[in-house]
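Below is one structure; the comments refer to it alone.
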Amino acid sequence: MVKVLVVAFGGQYNHLIKRSIERIGHEAALRPYNLPPPDEGEFDCVVFGGGPLTMPKDFDKVKGLEAYLRWKKPLLGICLGHQVLALLNGGEVGPSPKPEYGDVTIFVDDEDDILRGLAPSFRAWESHNEEVLREPPNSKVIAHSENTRVQALKYYNGPYYGVQFHPEVQHTEKGSLVFQNFVELCKR
């Protein structure tokens, strides 16, 4: 059984992330983002969840999360967590030219580990005013939507992934598959 730490930014969906992981047979724990990281040996991997912070305006509040990158364990950023991960790696985040809310079609550009089984496209739930405008130099865009060029990122400096959409909500087609794929990475 894999133990996943869900770093919570106060968003309404963090409990759904925890339950999504538990529903596929693994253990998950929530931890507020403003607490220091626990002992690295307690968890196999980390999820940065969503929340109401605004990037990059609130970036100073989350800079300490770079400590999780030093763990070199699989890390999945979701929505705000995706944006935080991009900023920690030198990307650019800002206001979305066309914010997305509700049901959106995601186009898979590279059916990499985290998006395995989701190509060529799938429907996902979106709720964002900000987005990754420029991906970090150590990453690759692996999915996009009509209005958001960076829907998913794969990083090359560690086993890290970010998704702008919400795999934890029932409106996302095959959302549990994203978590299953992530847990498989955690087992490696």
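Here the Cβ of each residue, glycine as well, is placed from N, Cα and C on the backbone.
Copied over from Swiss-Prot, here are the features:
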type	residues	note
DOMAIN	3-188	domain 'Glutamine amidotransferase type-1'
ACT_SITE	CYS79	active site, nucleophile
ACT_SITE	HIS166	active site
ACT_SITE	GLU168	active site
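Other Cβ atoms within 10 Å of the Cβ of GLU168 (active site) number 26 in total over all chains. Taking the Cβ of CYS79 (active site, nucleophile) as reference, residues of its chain lying under 8 Å away and at least six apart in sequence are, in sequence order, GLY11, TYR13, GLY49, GLY50, GLY51, SER127, HIS128, VAL163, GLN164, PHE165, HIS166.
Per-residue pLDDT, averaged across the domain 'Glutamine amidotransferase type-1' (3-188), gives 97.
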